[in-house]
């Protein structure tokens, strides 16, 4: 593997930066095809329980608005705080999840987010007033903020290259499915019962995490060599030859360690500015479309 030196990288002149880290041949691709796809699919299913929880959380406030406001005597302003504080919790969760995923691992972070979400749903279920509702909603928001980062990262790191795009799509499908289920079930049950159903994907995730390996890339990153080898072998199958993939992961981590440390100011360098405007601009315009407002209060909007 050809590695660029730090001076070339800083100048942005190294052609190797625009090439894949590794070139995979047809033989390696076939070895992945014969691997243990069941374990990869199981890992993906467990991980996207966090995505399903994401959809359930953002869909909860719509079918429950009338019931909560009537039972607890909340005003429209108080309920608006309850609905929107989810996004504040998600913002806090998304800011802190990267460090957590590196310190306690992808599985540990998903387990942490599930426990926090369960605590949030329990608080909502037991709520007798606006304050406890807001606390519970904030905690569920924190949980989905963490999942919005760690679930796609985990899926990408455990999936063979030729399946990565397809399985990452399941993350978005699960979010939409969770939203649909929250709307559907919420039309037939009380808001407290719906809060209890929100715990189900969290419980499934916690249980499933005991049967799947952690991300091999993370295990290699923290120096757990034996666990790294065992996890990769479990994901690819007992008879699969994983030596080449092991070398690729280790070499890619070495390459990343040799890259110069990036700072926030690097985002505003001329060569990065166009990408920054496109990337951030798309996310900003997506939020200004009003999607969250419609999702959170769809029931009341259509009633009106």
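Glycine is treated like the rest: Cβ placed from N, Cα and C.
The domain 'Major facilitator superfamily (MFS) profile' annotation in TrEMBL covers 43-304.
According to TrEMBL, the feature transmembrane segment maps to 37-59 (among others). Through the fold, the transmembrane segment (37-59) approaches residues 86, 110, 113-114, 117, 140-141, 143-144, 147-148, 150-151, 154-155, 158-160, 163, 167, 170-183, 186, 197-198, 201-202, 204-205, 208-209, 211-213, 234-235, 237, 292, 295-296 of its own chain, all at least 6 residues removed from its boundaries and within a Cβ separation under 8 Å.
As annotated by TrEMBL, transmembrane segment applies to 79-101 (among others).
Look at TrEMBL and you will find 113-133 (among others) tagged as transmembrane segment. Away from its own ends, the transmembrane segment (113-133) comes close to residues 49-50, 53, 57, 68, 72, 74, 78, 81-82, 93, 97, 139-144, 146-147, 150, 192, 195-196, 198-199, 202-203, 205-206 of its chain (Cβ-Cβ under 8 Å, at least six residues beyond either end).
According to TrEMBL, the transmembrane segment annotation covers 139-158 (among others).
For 165-185 (among others), the entry in TrEMBL reads transmembrane segment.
Summarising the annotation, TrEMBL assigns transmembrane segment to 191-212 (among others). The list of residues near the transmembrane segment (191-212) in space but at least 6 beyond its ends in sequence, with Cβ under 8 angstroms from a Cβ of it, reads 39, 42-43, 45-47, 49-50, 52-53, 56-57, 60, 63-64, 67-68, 71, 107, 110-111, 114-115, 117-118, 121-122, 124-125, 136, 140, 143, 178, 182, 185.
Annotation comment: TrEMBL describes 275-298 (among others) as transmembrane segment.
Confidence over the domain 'Major facilitator superfamily (MFS) profile' (43-304), given as mean pLDDT on the 0 to 100 scale, stands at 91.
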